[in-house]
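Everything on this sheet refers to the single structure shown next.
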Amino acid sequence: MFSKSVTLAQYDPDLAAAIAQEDQRQQDHVELIASENYVSCAVMEAQGSQLTNKYAEGYPGKRYYGGCEYVDIVEQLAIDRVKKLFGAQYANVQPHSGSQANQAVYASVLKPGDTILGMSLAHGGHLTHGASVNISGKLYNAVTYGLDENEVLDYAEVERLALEHKPKMIVAGASAYALQIDWAKFREIADKVGAYLFVDMAHYAGLIAGGEYPNPVPFCDFVTTTTHKTLRGPRGGVILCRDNTHEKALNSSIFPSLQGGPLMHVIAAKAVAFKEALQPEFKQYAKQVKINAAAMAEELVKRGLRIVSGRTESHVFLVDLQPMKITGKAAEAALGKAHITVNKNAIPNDPEKPFVTSGIRIGSAAMTTRGFNEADARVLANLVADVLSNPEDEANLENVRKQITALCDKYPVYGA
């Protein structure tokens, strides 16, 4: 019998110490990685609940195990809430990740060797959209599109490639593209060649839920998202559709094809996050995320840096570091010393290797969750520029670090 009185610190002090150190790091550093965010205490409570003990293969009302009457309630809450959030008729909340959600979509209607048309990883796409190193690029014949000379998504190229290659599926969505994507234009192109349209909205889902970015669901055959990033939920995935045409194929593609039992404690945490995203205050959050990202981009341009695509219309943007004569790898390290966390990221036509890069990716979702406003975002952008202008000067890094500490103390991740 387990005792409820035994704490993790008592039983496993080594692990507890590592968790405490990570908790302190999150408090002391400003998080600018676009794919990261902070979840509420309610989300963490759900994910740390006794639901982790329950196996529940199948779907609500159709389980292969007994004792599922309460986890059925949990999963149905998550399904109903996410459908309401995005105006979908179908939802599957079981994918363990966005990548697995994407795999399930492909497997539901494609056969190995079928052609897919997705955004190039080098131009801001995602590994799972047909990159050669990913299963999507190994199992299917992947053709890629990119940005035009102005670093705007090249819809003319998408149409030309679609007409030339006749893909069975067109994939839209990105992991490092700052501007709004025209879902209606993609629908028009897909219809011209009789292709399925699949949108991966993982990065933009929170903005879409908050009404600050166009909703792809009405235009698409399939939509996937992660539940973290801008949506501020636990790490996981979701599949959505505007109707129930592919319900049977998608459900079987997740279980039993790709996964076994769902993670009921994570699904519970998803349900909490969906409820949070349905509240009026989430709309204010999404609006502030965009304001903060735009403010940071503007300040960095004033400091001599170049923003890929010229601006941002979302939570994310890429910074071209070539004018500063510094690589993304070096910038990430220097900013880290100043307690600013970013990730190195390739820019279009990047001359550097993927593990070095000529850019960094910046996102405003996590800092906005802490409470940073537009004025704070502008201060922060100038601190980033201070580091990049003199990345090897320890006194400079120390000065920035002190100012970051003051900002972080002003906006704790978790208040009283």
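Each residue, glycine too, has its Cβ placed from N, Cα and C.
Copied over from Swiss-Prot:
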BINDING   Leu121, Gly125, His126, Leu127  (6S)-5,6,7,8-tetrahydrofolate binding site
SITE      His228  site 'Plays an important role in substrate specificity'
MOD_RES   Lys229  N6-(pyridoxal phosphate)lysine
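Distance from the CA of Leu127 ((6S)-5,6,7,8-tetrahydrofolate binding site) to the CA of His228 (site 'Plays an important role in substrate specificity') is 18 Å. Cα of His126 ((6S)-5,6,7,8-tetrahydrofolate binding site) to Cα of Lys229 (N6-(pyridoxal phosphate)lysine): a distance of 14 Å. A distance of 16 Å separates the Cα atom of Lys229 (N6-(pyridoxal phosphate)lysine) from that of Gly125 ((6S)-5,6,7,8-tetrahydrofolate binding site). Apart from Leu121, Gly125, His126, Leu127, the residues listed for (6S)-5,6,7,8-tetrahydrofolate, the same chain places the Cβ atoms of Gly118, Met119, Ser120, Thr128, His129, Gly130, Ala131, Asn134, Ala174, Ser175 within 8 Å of the centroid of those Cβ atoms. A simple way to gauge crowding: the CB of Gly125 ((6S)-5,6,7,8-tetrahydrofolate binding site) has 24 other CB atoms within 10 angstroms, across all the protein chains here. Neighbour counts of Cβ atoms within 10 Å were compared across the binding-site residues Leu121, Leu127; the minimum falls on Leu127. The recorded positions considered are His126, His228, Lys229; of these, His126 has the fewest other C-beta atoms within 10 angstroms of its C-beta.
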